[in-house]
There are 2 protein chains.
Amino acid sequence: MSKSYRVAILGATGAVGTELIQLLESRSFPVAELKLLASARSAGSQLLFKGENITVEAVDEQSFNQVDIVLASAGGETSKRWAAKAVEAGAVFIDNSSAFRMDAQVPLIVPEVNPEAAASHQGIIANPNCTTILMAVAIWPLYQVQPIRRIVVSTYQSASGAGARAMEEMITQAQAILQGKTPPTEIFPYPLAFNLFPHNSPLDESGYCQEELKMVNETRKIFGVEELRISATCVRVPVLRAHSEAINLEFDQPFDVAKAREVLSQAPGVELREDWKANYFPMPIDATGRDPVLVGRIRQDISHRCGLELWLSGDQVRKGAALNAVQIAELLVANNLLRSSLVASH
Amino acid sequence: MSKSYRVAILGATGAVGTELIQLLESRSFPVAELKLLASARSAGSQLLFKGENITVEAVDEQSFNQVDIVLASAGGETSKRWAAKAVEAGAVFIDNSSAFRMDAQVPLIVPEVNPEAAASHQGIIANPNCTTILMAVAIWPLYQVQPIRRIVVSTYQSASGAGARAMEEMITQAQAILQGKTPPTEIFPYPLAFNLFPHNSPLDESGYCQEELKMVNETRKIFGVEELRISATCVRVPVLRAHSEAINLEFDQPFDVAKAREVLSQAPGVELREDWKANYFPMPIDATGRDPVLVGRIRQDISHRCGLELWLSGDQVRKGAALNAVQIAELLVANNLLRSSLVASH
């Protein structure tokens with residue numbers, strides 16, 4: 001007997017929300033019923049799931065009754081407001097916001113890295129930050145062969161990381177600039193089209209921005225290595241979708257490049273993309289709409305005998321957000337970790 | 001008595017060539033006569049200098065007679081072909097190509113870093129690679145306070161680095177993509193608009209590309225520190241003009257951030273651009289058309305007690321190429337290092 005589950009998507013009309021709907025369908029997630037939730041402003045619109053139009057409902061106190069899994073992607077404030085209600089109603093709340101990620105009671109999961117953390121959930125599971133997920137998938141297989149001592153990473157983050165409206169704004173900016181007009185800046189603080197700027201999340205007194213500190217703190221939590229040394233520089237670039245990262249790794253001992261390539265060619269969630277003759281490596285346009293994190297340009301760091309350099313591109317909306325959340329849901333199903341499943345089958 | 005000099009620009013019609021003409025005028029370089037040289041294909045066109053139209057001539061065996069300074073920016077092959085002729089004719093050949101940069105007989109100069117190297121020239125002086133110049137200007141002032149042990153740098157390089165036609169191609173690509181058409185790729189191997197890719201210069205067997213190795217080898221030569229450890233990842237991004245770099249520096253001892261800021265706020269060729277409250281730091285659009293290298297986001301590396309992180313944007317065509325070359329010419333004039341000046345004044 002195969003079970004199916006009542007799923008709610010909170011933030012259904014956003015970039016990640018619409019991707020969640022598509023992934024539940026394309027991955028044949030056992031959905032008994034799909035509830036699409038959003039703010040009152042977005043309620044009433046219809047979205048297609050398995051050939052059927054589903055009307056988006058305004059989230060309210062009753063929304064989570066009879067729901068097994070909530071996939072939330074409506075921002076930290078919305079998650080903080082509704083997570084406890086969903087848990088109270090018996091659902092598992094898989095949250096794509098940063099609200100609960102560093103909460104010691106909340107597992108922070110990349111299924112390719114720490115699936116075992118799901119077992120200890122108490123109703124809420126956090127989906128990590130997008131750049132963190134992409135890096136974790138790419139470097140964890142190497143970490144398992146030999147501990148990483150230090151990471152220095154620079155990111156190339158697309159407009160999609162700031163949501164669907166940000167992507168539209170960048171297109172509008174590009175059109176304006178090509179017509180010799182002043183580009184509008186409503187979502188982004190500065191023009192992004194044909195420009196770039198350090199990630200504009202709030203700055204810590206250390207001088208690092210929140211996005212960078214997420215990469216530091218979340219990677220440590222996911223790997224379960226509190227002392228892992230990480231420095232990040234996060235940069236927004238005029239790419240529509242898919243993030244890229246230049247990652248410098250320091251190990252305790254030299255890590256053979258051929259071995260790294262072999263490990264990554266077999267790693268779950270990773271696709272090795274290296275054509276040295278054609279000078280072809282991962283690019284955002286090739287990662288867009290795809291599940292795996294594309295990794296390439298693996299080379300011995302010429303500045304450090306225990307160093308490796310690598311480069312990746314991964315779809316921020318997909319593996320960086322929606323896909324990882326759906327994989328967590330799949331993990332819960334496969335391991336019988338839904339709360340409602342402890343009570344009854346339906 | 002103020003002298004003036006006969007200057008020739010080889011590659012006058014290119015992106016750097018036209019910038020050289022403007023800089024000679026705006027910086028009031030003492031030009032007695034300006035000769036514009038290019039390939040036979042570009043000869044005949046006219047370019048404005050101090051309100052006067054100058055006809056571009058096809059370079060030939062006689063071009064360098066009666067010339068004191070050649071500013072060359074027409075590619076390595078052209079430089080290799082004509083440098084010796086120019087030197088033979090008595091000129092100093094300031095070369096923007098990579099042809100002679102690592103030649104032990106040829107000084108490689110960033111005037112803010114190693115002006116003294118000019119004194120030993122034997123007719124040819126090399127202008128470093130653009131990304132190298134920008135990094136050298138920004139980190140040399142720190143190096144003078146305390147030696148740098150290791151550099152890990154990731155670049156964000158604009159289309160301008162591949163020349164005027166590449167900039168045009170990126171615009172054409174953007175227009176095509178916005179109209180739902182396939183972007184043309186003639187100059188670049190892949191679409192650059194709304195995309196990015198690792199720098200497509202030829203790959204070394206080490207896995208580093210030529211652009212990255214230039215940053216390594218040229219920085220060592222300019223600093224005069226053969227053992228300086230550097231690793232670079234060079235990436236082409238869809239920005240029209242001005243390169244950016246995320247630079248991680250390791251010193252032998254901790255480098256106080258306030259001290260770094262103080263040093264850089266007074267450093268020649270550097271403009272500190274940090275507004276922590278407004279979350280505003282160097283961006284390509286603000287560096288475009290400007291002389292200084294904009295530096296900001298200076299912060300203590302949280303992964304290394306002796307580390308500093310910094311970020312820069314600098315105009316690749318200007319300080320990264322044309323301006324640096326004109327500054328070298330100014331250095332020669334100021335220090336009486338022109339070859340013709342040893343013989344006669346005119």
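Cβ atoms here come from the backbone N, Cα and C positions, even for glycine.
Taken from TrEMBL, the feature domain 'Semialdehyde dehydrogenase NAD-binding' covers A:6-121. Residues or ranges marked as NADP(+) binding site in TrEMBL: A:Thr13, A:Gly14, A:Ala15, A:Val16, A:Arg41, A:Ser42, A:Ser160, A:Gly161, A:Pro184, A:Gln316. Residues or ranges marked as phosphate binding site in TrEMBL: A:Arg101. The feature active site, acyl-thioester intermediate is assigned by TrEMBL to A:Cys130. As annotated by TrEMBL, substrate binding site applies to A:Gln157, A:Arg236. The feature active site, proton acceptor is assigned by TrEMBL to A:His243.
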- Max pairwise CA distance, angstrom, over record-listed NADP(+) binders A:Thr13, A:Gly14, A:Ala15, A:Val16, A:Arg41, A:Ser42, A:Ser160, A:Gly161, A:Pro184, A:Gln316: 26
- Of the binding-site residues listed (A:Gln157, A:Ser160), the greatest number of other CB atoms within 10 A surrounds the CB of A:Ser160
- Once the chains shown are all counted, how many other Cβ atoms turn up within 10 Å of the Cβ of A:Arg101 (phosphate binding site)? 22
- Query: Which ones, of the recorded positions A:Ala15, A:Arg101, A:His243, have a Cα no more than 10 Å from the Cα of the residue listed as 'active site, acyl-thioester intermediate'?
  - Reply: A:His243
- Query: Just how many other Cβ atoms lie inside 10 Å of the Cβ on A:Arg236 (substrate binding site)?
  - Reply: 27
- Mind giving me a neighbour count for the residue listed as 'active site, acyl-thioester intermediate'? Other Cβ atoms within 10 Å of its Cβ, every protein chain shown. 28
- Note on the structure: Simplified DSSP label at A:Cys130 (active site, acyl-thioester intermediate) comes out helix
- Note on the structure: DSSP composition of the domain 'Semialdehyde dehydrogenase NAD-binding' (A:6-121), residue counts helix/strand/coil, works out to 31 helix, 32 strand, 53 coil
- Task: Quick one: give me the count of other CB atoms within 10 A of the CB of A:Ala15 (NADP(+) binding site).
- Result: 23
- Item | Among A:Thr13, A:Arg41, A:Pro184, A:His243 [recorded positions], residue with fewest other Cβ within 10 Å | A:Arg41
- Listed recorded positions A:Thr13, A:Ala15, A:Arg41, A:Arg101, A:Pro184, A:His243; those within 10 A of A:Gln157 (substrate binding site), CA to CA, turn out to be A:His243
- Message: If I take the Cα of A:His243 (active site, proton acceptor) as reference, which of the binding-site residues A:Thr13, A:Ser160, A:Pro184 has the closest Cα?
- Response: A:Ser160
- Task: Please report the DSSP secondary structure of A:Ser160 (NADP(+) binding site), reduced to three states.
- Result: helix
- Pop the Cα-Cα gap between A:Arg236 (substrate binding site) and A:Ser160 (NADP(+) binding site) into the table, whole Å please. 10
- Just the number: how many Å between the Cα atoms of A:Arg41 (NADP(+) binding site) and A:Arg236 (substrate binding site)? 29
- Message: I need the CA-to-CA distance for A:Pro184 (NADP(+) binding site) versus the residue listed as 'phosphate binding site', whole Å please.
- Response: 33
